[in-house]
Amino acid sequence: LVAVCVSLLGAANIPPQPLNLQQFKNMIQCAGTRTWTAYINYGCYCGKGGSGTPVDKLDRCCYTHDHCYNQADSIPGCNPNIKTYSYTCTQPNITCTRTADACAKFLCDCDRTAAICFASAPYNINNIMISASNSCQ
C-alpha cells in the first residue's frame, strides 16, 4: 500500500499534456499508418525545437508545422499549446469543423496539413536521433 501511495505521489508531479498536442497526435493517427512517436526526434525539426535545414521531406513537414504555430502566436489570445479545436476523422480523411474562432481554425489547419504531410512523406530511419551539430546546419 505504501508503494502505491508513493507511486501516486510521484505521478502527481507529471504535468498534463496540452490538449492541443493530444488532438495533433490523434490527427497523425487518423491520416497515416505510423504512430506519433515515430516523429519524436526525427530530423532537425520533428520534436521540440529545431534548427538548420530540414534533412528530407518529412522533416520539412515538421519545419512547416513549427512555423505555422509561430504564425498562430500572432493571432490575439491564440496559444497553440492549449487551444483546442474540433475536427472529424474518417480515416485517412481529416476535416476541420467550421468555426468563427480564428485561432481554432488556424491551429486545426496547421495540424491537419502536417498530419497529411507526415502520411505522404517517406520515412528514413537514418534520420532518427541525428546529431544536430553535424546534420542541422
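Backbone N, Cα and C define each Cβ position, glycine as well.
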Site co-member for Ca(2+) according to Swiss-Prot, given Tyr45, Gly47, Gly49, out of Asp56, Asp66: Asp66
Candidate cysteine (Cys103, Cys108, Cys110) that Swiss-Prot pairs with Cys96 in a disulfide: Cys108
As recorded in Swiss-Prot, which of Cys46, Cys78 forms the disulphide with Cys62: Cys46
Any further residue of that chain within 8 Å (Cβ to the Cβ centroid of Tyr45, Gly47, Gly49, Asp66) of the recorded Ca(2+) site: Cys44, Cys46, Lys48, Gly50, Cys62, Tyr63
Binding-site residues: Gly47, Gly49 - member with fewest neighbouring CB atoms within 10 Å: Gly49
Listed in sequence order, residues with CB under 8 A of Cys110 (disulfide bond) and six or more positions away: His65, Cys68, Tyr69, Ala72, Pro80
Candidate with the highest Cβ count within 10 Å, taken from the recorded positions Tyr45, Cys117: Tyr45
